[in-house]
Amino acid sequence: MVKFLSLTSSVTALLLLSLGANGVAAAATTCTVAKSGSDDTAAITKAFSDCKNGGTVVFSKDTTYNLNGILILSDLKNVNIELAGTIKLPGFDKAVKGLKSYIQLIGTNVKVYGGGVINANHSSVSDISIINSPRAHMGVTNATDVLINNITLHTASTSSLRPKNTDALDVSRSSNVVFQNSKLTVGDDCLAINEEVTNVTLSKITCNGGHGFSVGSLGKGGANQHVKTVRIHDSVCNDCQNGVRIKTWPGGKGSVSDIKFNNVELNNVENPILITTHYCDKNQMNYCTNNDKTSLSISDVVISDITGSASNDGNPIVSINCSTSTPCTDFTLSGVKITKASNTPKNVCVNLDGSSKIAECSA
């Protein structure tokens with residue numbers, strides 16, 4: 001399932017979103033969404049119902065469709081969605097709070113493509129872009145073979161407060177996900193890989209002001225969770241809170257393995273390389289302290305050719321802090337060339353097997 005996320009009025013739009021296969025599925029039936037007035041929810045629902053088995057749903061060019069309700073479009077199979085027009089979302093609606101989305105597409109081999117517009121929070125966005133999201137922009141859940149390509153996200157605060165929880169992409173319970181060729185301005189994770197995920201590749205992404213490229217958080221409340229085979233490469237993070245990161249909770253179970261960060265440029269970043277098994281919310285500190293000795297196992301991690309500069313927040317360039325009973329293992333660091341600030345302290349490697357042989361741990 002791919003969620004078009006919107007707690008109040010954000011929505012996910014993908015230049016090409018693929019569930020189950022590459023390319024655009026062959027579709028014999030075309031269902032053009034009728035323009036019905038101030039609320040086009042029913043017309044959109046009907047078009048998807050009529051074309052849910054091997055059809056193409058068309059949002060016409062130069063047409064604005066008003067969505068005043070929640071759309072859960074299920075049982076889709078081999079459906080193409082041609083977004084040539086504009087979808088305009090409503091403002092805050094309490095009914096959507098529990099779902100965290102205005103639009104959900106549920107099915108197999110569903111494609112979204114075209115050069116249309118989604119209007120969120122009364123702001124026009126084009127070329128499959130999302131602006132001013134009050135919550136996470138995109139979510140991939142219970143899906144396989146997903147391609148997210150050439151999108152633009154821009155959510156920035158108009159005050160000194162950061163736009164919290166505005167992740168660019170959250171992935172959970174999915175496999176074979178590719179996110180590439182995109183520009184992001186967000187207030188939280190540029191990528192957050194959550195539980196039961198295998199084979200994610202992120203490349204050629206520029207992220208501004210976010211929390212970096214993250215695996216986790218994982219293991220909250222003692223959960224048993226797993227992430228395997230993640231490739232993050234040829235990307236940039238500017239003015240980010242974190243650069244490349246793995247974060248797990250104390251007391252968690254499971255594993256994180258086969259993770260590679262390569263050729264990532266981090267400019268003016270607070271925590272360029274941050275790996276911790278001590279991630280915790282402020283209101284959970286007692287639990288975290290009592291379960292601090294164990295967490296998920298983190299192994300087979302390669303960090304190479306990381307360049308850029310550290311901010312003057314006084315954090316180490318490399319901070320790897322693992323648990324005493326579940327130390328991190330099989331780490332390789334090379335080509336870390338981050339320019340220090342005047343107050344940058346020495347790097348930290350705690351409970352990392354083989355740290356004495358890793359040059360970056362003593363830098």
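Here the Cβ of each residue, glycine as well, is placed from N, Cα and C on the backbone.
Bond annotation: of CYS322, CYS349, only CYS322 is listed by Swiss-Prot as forming a disulfide with CYS328.
Residue pair ASN150 (N-linked glycosylation site) / ASN142 (N-linked glycosylation site) shows a Cα separation of 22 Å. Annotation note: ASN142 (N-linked glycosylation site) sits in a coil segment as assigned by DSSP. Taking the C-alpha positions, the distance from ASN142 (N-linked glycosylation site) to ASN199 (N-linked glycosylation site) comes to 13 Å.
ASN199 (N-linked glycosylation site) is 25 Å away from ASN321 (N-linked glycosylation site) when you measure Cα to Cα. The list of residues near the repeat 'PbH1 3' (197-217) in space but at least 6 beyond its ends in sequence, with Cβ under 8 angstroms from a Cβ of it, reads 156, 162, 168, 171-191, 226-249, 256, 259, 261, 264, 269, 271, 274, 279.
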